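Residues annotated as active site, proton acceptor in Swiss-Prot: ASP152. If you look up Swiss-Prot, you'll see LEU27, GLY28, LYS29, GLY30, ALA31, THR32, GLY33, THR34, VAL35, LYS54 marked as ATP binding site, on the strength of sequence analysis. According to Swiss-Prot, the domain 'Protein kinase' annotation covers 21-341. The feature domain 'AGC-kinase C-terminal' is assigned by Swiss-Prot to 342-408, with sequence analysis given as support.
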Amino acid sequence: MEPSPSSPPSSPPEILDLDSIKALKILGKGATGTVFLAHDVVSTSSSSSPFAVKLVPKSSASSLRRARWEIEVLRRLSVDSNQNPFLPRLLASFESPEYFAWAVPYCSGGDLNVLLHRQNDGVFSSSVIRFYVAEIVCALEHLHTMGIAYRDLKPENILIQQSGHVTLTDFDLSRSLKKPLRPHFYQPDPELIIDRKKSRSFSRLISPTAEKNKTGLKKTRSARVNPINRRKTSFSSGERSNSFVGTDEYVSPEVIRGDGHDFAVDWWALGVLTYEMMYGETPFKGKSKKETFRNVLMKEPEFAGKPNDLTDLIRRLLVKDPNRRLGCHRGAAEIKELAFFAGVRWDLLTEVLRPPFIPLRDDGELTVGGFDIREHFEKLRTTPSSAPPSPLRSPPHVCRKNDPFIEF
């Protein structure tokens, strides 16, 4: 059973009134949009409670389609009678001829990637991993029962709430499947498919062995380009005819091969994520995208020391055959039964009073004033920037190098 939400289900989302809100700062810029920390300057009841506003320009048919889908997913999560505490809700949304904008609760703890790298040794202890993975499992389980495959699980997309619990974010790459309770394989639509002939050509190029990955902490790259043919994407039409979605170090073998994929891709990504939390690096990272994909297809994850319940969980999640992967038959129920989660009260996860990390409150930033989001958007449109986009949701003030964890 999934944990009960800490508050009753919200009412249907409202229309976002950009005239009544001001942005306090930019939380992050990405390839598809900008995220602002904002507050309501009109309503006294909400002016002290900041929220995040994501603004996505309608620059292409692809961005328009993904923005609409993300808003739709958030809307479904918000009106769900069994709202999940580890998934966001849509506060309000707005559409203009130039852009989409929507508001979600602000997560003051930043993302899991920043938190992981701030640790002295760059890794989490087993108890901390258990805490975060348990909540992520519940979030994925909820999405899967709704018929949604997440398909973009990575530390950067796991936000830390003020309470210390997690929230998944960014649903533009998710996919609705037809049979939520008994997942079946499907063939991706033309935008997401890898040409099978090129996939076979790529398979002939890879060698049967892979070098040991001794690289340091990663900086993820989105695998939204064709790994076989490096031709530039045509953004004029908004179509990417030979592409697939995900982040290269987290992409599952069946996606690389161009096979149909289902909910099992999320359990594979959970295995990669858990490995990274344990060792500070992903298990298949290579010196290039091609080598990374070769490792995903051919290499087995390497573990230090003796096998234990945690490594058993990771091994089962990183089975390359999706039909034998942990979670492929009964979903999250199979994962919850493993010895690593022995003693976990799945229905009481939100009742843990002291999560491993509790963000410092930044109430000092919640002052009157701010800037107009629309004016900032117009400046971005008219002023080209040579600087690369900064990672989303990684505010530098969130946590410091020696922020301690509270074990539970």
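Placed from the backbone N, Cα and C atoms, the Cβ positions cover glycine too.
Cα of LYS29 (ATP binding site) to Cα of the residue listed as 'active site, proton acceptor': a distance of 18 Å. Confidence for the domain 'Protein kinase' (21-341), expressed as mean pLDDT, is 81. The separation of the residue listed as 'active site, proton acceptor' from VAL35 (ATP binding site), Cα to Cα, is 18 Å.
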